[in-house]
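Asks: Below you will find the structure I want to go over with you.
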């Protein structure tokens, strides 16, 4: 309303200026001043389109567990309190890199959109890193599910390295300040990447109930494309859920990317086969594995020439006219000069380099002409007997099966070795890997609340700071230049079709333009036919009138030159009827 009122004022003042143009100069100046004031008021009332729209502010508050947890840390205290740096050395490694001397810090992300939100940061590159913390109490695999969740942000991307966690097995020998790569763990979970191989590990160590030996069991690879989680430099939430019924789920950003069952979807399988191949069994010497054999009764045909060449000279070819038989194809370069440092005793007699014979350029060829070769129609090659089914074929030999002496059946692989600590034991060629909001719990609701209060705020802050749709399209095109072609076609094609549609319409003929009347309109052809009929009818009427007038004249002359009043009245009426008949309003209606 305010904008409309200001526009009305501008119109009124503009009218006043025009009316006062012939008036006093002082009045004109006053009106112009008023107009300038109104224009300034309109400009001031316009919104500032240059300033970017303010993003909704997201206030950070450290998450607090809403129930019982085995472990939780948001690092918002700003210290490594509760975490222990390893002092161990890695075995079978050069002393220069054997130490776990990688640096860890607690700090905010480099481009944090949540002031006050801190995390654990792997600071150095090309070093071994190891840090761990005790759980509030050991986790026992009984009737409750296990849920492990934490956040990772590859702030500088990732070349080669991991961001996985290890749940360290509860053993009497567990010493966190000596945590290293061979420290026993129960579960390893999290992202890992080297080259173009993007992984999301879920590995658990299963104890053989017969031998007591532990063996790693790897979950199947996720079907989802994991590359974006490593390259987009955003914070991602990784969740592992293990249930007492042996089912598992792996989630990224609260969406399932992998799921399965510990009994069916691990490699190698938890339970070995009931039977195995007998390692002592040997294939018999007379075992025939050949499905086809040469026909022993086949005989080489008498006319089979094994010595015939595959190619023969073309006898029908003729030497092209102008062929220079006496000219060599290459000649010494006449412009070449012997190098000054050429030593004939050491280098031998100097010879000019060969160049293409210039006389051959205008000829079909030079040198001795030879007939071209063609395929020999009589060539058959080495004769071989045809193959037939082997009547003695016994199939592919396999050793016999015997009962597996190491067979066992564990129907509850969920009941793994209890663990009492969480650790990060990593090697990375990229620094500034950000970890945050670790939680280990048995209640999904508590974990979801923790995620909403931590990762959920990060996601909201990132969404508030993200560019609009156009900005996101431009960013995507910068990463994938071929998208520019898609954008151009998407915009240009509809415009082209609209222009083509608007410019290619057929022009209507004048015969199809209707008159502004409610009366039925004739088609062009019918209208022309009616005009011809009316013209012929008019000519006949004129001819009849002329004859009538001549007859009346002659009658009048016979009657003494007098004309009756009745005849005088009939004449104007006939003329009026003729005019009415020629009027378009009295035409016949168009025939359907």
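Numbering starts at 1 and runs along the chain as displayed.
Glycine residues also receive a Cβ, built from the backbone N, Cα and C atoms like all the rest.
Feature list, courtesy of Swiss-Prot:
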type     : residues     : note
BINDING  : 74, 117, 436 : Ca(2+) binding site
MOD_RES  : 137          : N6-acetyllysine
REGION   : 278-345      : region '4 X approximate repeats'
REPEAT   : 295-307      : repeat '1-2'
REPEAT   : 333-345      : repeat '1-4'
REGION   : 348-405      : region '4 X approximate repeats'
REPEAT   : 381-391      : repeat '2-3'
TRANSMEM : 482-502      : transmembrane segment
Asks: Centre the Cβ atoms of 74, 117, 436, go out 8 Å, and tell me which other residues of that chain have a Cβ in range of the Ca(2+) site.
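Replies: Result: 62, 63, 75, 76, 118, 119, 151, 437, 454.
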Asks: Spatially, which candidate from the binding-site residues 74, 117, 436 is nearest to the residue listed as 'N6-acetyllysine', comparing Cα atoms?
Replies: 74
Asks: Under DSSP, is residue 117 (Ca(2+) binding site) helix, strand or coil?
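Replies: In the DSSP reduction, residue 117 (Ca(2+) binding site) maps to coil.
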Asks: Just going by other Cβ atoms within 10 Å, which of the recorded positions 74, 117, 137, 436 has the emptiest spot?
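Replies: Least crowded of the recorded positions 74, 117, 137, 436, by Cβ count within 10 Å, is 137.
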Asks: Any idea what DSSP makes of residue 74 (Ca(2+) binding site), helix, strand or coil?
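Replies: In the DSSP reduction, residue 74 (Ca(2+) binding site) maps to coil.
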Asks: In DSSP terms, helix, strand or coil for residue 137 (N6-acetyllysine)?
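Replies: Residue 137 (N6-acetyllysine) sits in a strand per DSSP.
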Asks: Work out the three-state DSSP category of residue 436 (Ca(2+) binding site).
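Replies: In the DSSP reduction, residue 436 (Ca(2+) binding site) maps to strand.
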Asks: According to DSSP, how is the region '4 X approximate repeats' (348-405) divided among helix, strand and coil residues?
Replies: 3 helix, 13 strand, 42 coil
